[in-house]
Amino acid sequence: MAKLPPKPIPLHSTAGVADGHLDTHKAQAKGLMRWLLTTNHKEIGTLYLLFSLCMFFVGGIFALVVRAELFQPGLQLVEPEFFNQMTTMHGLIMVFAAVMPAFTGLANWMIPLQIGAPDMALPRLNNFSFWLLPVAFTLLLSTLLMPGGAPNFGWTFYAPLSTTYAPPSTTFFILALHIAGISSILGAINIIATILNMRAPGMRLMDMPLFVWTWLITAFLLIAVMPVLAGVITMMLMDINFGTSFFNAAGGGDPVLFQHLFWFFGHPEVYIMILPAFGIVSAIIPTFARKPLFGYASMVYATAAIALLSFLVWAHHMFVVGLPLVAELFFMYSTMLIAVPTGVKVFNWVTTLFRGSISFESPMLFALAFVVLFTIGGFSGLMLAIAPADFQYHDTYFVVAHFHYVLVPGALFAIMAGVYYWLPKWTGHYPNERLGQWHFWLSVIGVNLTFFPMHFAGLAGMPRRIPDYALQFADFNMVSSIGAFFFGISQLLFVIVVIICVRGGKKAPAKAWEGAEDLEWSVPSPAPLHTFETPPRFERSS
Amino acid sequence: MVTHRHAQRIAVKRTVIRSVAALIGMFAFAFALVPLYDVFCQVTGLNGKVSNSAQQIAHQSVDEDRYVTVQFITRGSAGLPWQMSVANHQLRVNPGEISEINFTFMNHSDKESLGRAVPSVSPSEASQYLRKINCFCFDEQKLNANQKLMLPLVFQVVRELPKDINTITLVYTLYPVNGKEISLVHGSRDKKGDTI
């Protein structure tokens, strides 16, 4: 972050002007304090993205510990207890500290620019919700050093594993998750307030770019389900420390209730991690196909439909807990129903590409890989949705393959596509195209090498969350582990691309990509610290 | 311009108030789900929890043509040095028939302790059709040091049991009971003053 644009003096007609100097509200903080106190949406967006990048590598190292242990059957490197801590922390860090903050960071940077607002609606709250995150995850990571070790019950923290049989550090885990949850909720409130009230005059809801739309719906999902997560972990806290029995059968509670409550949060949560990705891809594909997005309205309605359906499918994670037949059928069909709006989206992206003048710059490559590989993840999801078949797949590596396909080449590739797409706007320079292409191809090979063999291992019956496995899975696991290290190391290239791009490179004009149409491309590159102080005139393109 | 900013600020405030209200509502809803879940499960019998109080005998004729296997599983628990065993691990009963089976509780420690056997029925749909007329599981038990206690379970599988269920498994898990939380102890009096 060496070369940041100096803060320009805001041109307000305030009292300060009269005494001959411009009022800058308050003394401009320098150095570290500038970042600690900033209320600027662009700076906070940058903070979110940098935090997410760091956590991506922390979570990645945990994953590599897991993959290193699984390179061969037998126990070689770590104790099983530590292995369990690694799988748990990998999941928690990637979900709550890498993917979610990355999307919030992109939202902070891009939503005000895309709707023509000067900043987020609640800038100070914005600062607070970011700075909660380092606190939360320092706390969470510190559990690794505590007696009894870090949480070891999987990222889904099923009771009674996470209550009766949990390590003493669980209380810290609960606190960390509470803080991270508050951060997400405050972020969501801010985003809703910004989108609903701060749009440029003349911009109707149905004129908003899809990234804004998907984030609006995501923010509603966050407000609806993060409090449920907060409720669940509060109940856990009380079961552990205050002798209640929410999830303890001895006291009249029910451990299955935990799973219902958790997945009532957990399923919308997976859409929280993918809807903004849909928005990013819906911005990039039309740009590089040089055609307007096919079926804009149907994209909006499909997103809303996915969000609504996400509340009705939670028990498909629980097909084997002993649900009655009616419930198995209901959750099976409602889950399959989600494939319809998702199919609409994939159809629209493909149709946008049809007869477009396509060019294949790095953002487009990542977006196209997203469409293909996310669809593979979607199909394995459909396979898992079949309740009778799920009895075979449940808790196997097939599930691991499925959700990594939707999260890594899904959410993560979309984030990377977004970063490559908007870097010219953030830094004023194009990312190095040759390195970007290398990063893309290495990532695609790495992802598939890592996760594709997991399908086969899972179908053959390899259970997830185990440090050792039967000999017949050895080859698949060796390929996966090689792929994981390959993928992990190739992400260092991404850091190099970003650093080079911040320091210099080919200068980008305001409209950095030929086919880009949204409002953010009307401000100069790099975007000055303060934009749209006077609202732009929004002109409808159609 | 100033009025526009002002109007915007009011609108933002309104949005924030509404979102916070929704937020608090959802947090409360999460807690409301706990009793709702219990009620829902009791009405539908979905989580295999069985009624915690004595039920009436359903006066119906015995279906001589149909047999249902009722299996009994007993499990101990960490923190309670008891053993629980059952006279027969399974019974073949006719729907409508009233059966009795004895369970033995044994305290292996040198101290008296309190415990409770919590039942669960599998498949859960069957829980509504397994009526317990008399069960030790309705109350806590108190066992003196090394005491052995035999207690009966009187139950009836009603004829309405769905045709596709041929086996019902009744699992008892022992749990320690904290002395202070005792409401009913075997041999004491219940709310109506009857000896249990």
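Cβ coordinates are placed from backbone N, Cα and C, and glycine is handled just like the others.
The annotation domain 'Cytochrome oxidase subunit I profile' is assigned in TrEMBL to A:35-539. The region 'Disordered' annotation in TrEMBL covers A:523-542. Among the features that TrEMBL reports, transmembrane segment is placed at A:47-68, A:88-109, A:130-150, A:170-198, A:210-238, A:270-289, A:296-315, A:321-344, A:365-387, A:399-423, A:435-458, A:478-502.
Tertiary neighbourhood of the transmembrane segment (A:130-150): same-chain residues 36, 44, 47-48, 51, 55, 58, 81-82, 85, 88-89, 92-93, 96-97, 101, 167-169, 172-173, 175-177, 179-180, 182-183, 186, selected by CB-CB distance under 8 Å and a gap of 6+ residues from either end. When each of A:170-198, A:321-344, A:365-387 is checked for Cβ pairs under 8 Å to the transmembrane segment (A:88-109), A:170-198 comes out on top. Along the domain 'Cytochrome oxidase subunit I profile' (A:35-539), the predicted structure has mean pLDDT 95. Of the two recorded stretches, the transmembrane segment (A:478-502) does not lie close to the transmembrane segment (A:365-387), with fewer than three CB pairs under 8 Å once pairs fewer than 6 apart in sequence are set aside. Within the chain carrying the transmembrane segment (A:47-68), a Cβ under 8 angstroms from the stretch's Cβ atoms is held by residues 1, 35, 38, 77-78, 83, 86-87, 89-90, 93-94, 97-99, 101-102, 104-106, 108-109, 130, 133-134, 137, 141, 419, 450, 480-481, 484-485, 488, 491, 495, 498, all 6 or more beyond its ends.
The stretch from A:170-198, A:321-344, A:365-387 with the most CB pairs below 8 A to the transmembrane segment (A:435-458) is A:365-387. Non-local neighbours of the transmembrane segment (A:210-238) in the same chain are 103, 106-107, 110-111, 114-115, 157, 159, 162-163, 170-171, 174, 177-178, 181-182, 184-185, 187-189, 191-192, 195-196, 244, 246-247, 258, 261-262, 264-265, 268-269, 271-272, 275-276, 278-280, 282-283, 293, 296, 299-300, 303-304, 307, 310-311; each lies 6+ residues outside the stretch with a CB under 8 Å from one of its CB atoms. A contact between the transmembrane segment (A:321-344) and the transmembrane segment (A:365-387) is present, since 3 or more of their C-beta pairs, 6 or more residues apart, lie under 8 Å. Under 8 Å from some Cβ of the transmembrane segment (A:170-198) lie the Cβ atoms of residues 92, 96-97, 100, 104, 107, 111-112, 115, 117-118, 120-122, 125-126, 128-130, 132-133, 135-137, 139-140, 142-143, 146, 150-151, 157, 162-163, 208, 212, 215-216, 218-220, 222-223, 226-227, 229-230, 233-234, 236-237, 240-241, all in the same chain and six or more residues away from its ends. Residues of the region 'Disordered' (A:523-542) grouped by DSSP class, helix first, strand second and coil last, total 0 helix, 0 strand, 20 coil.
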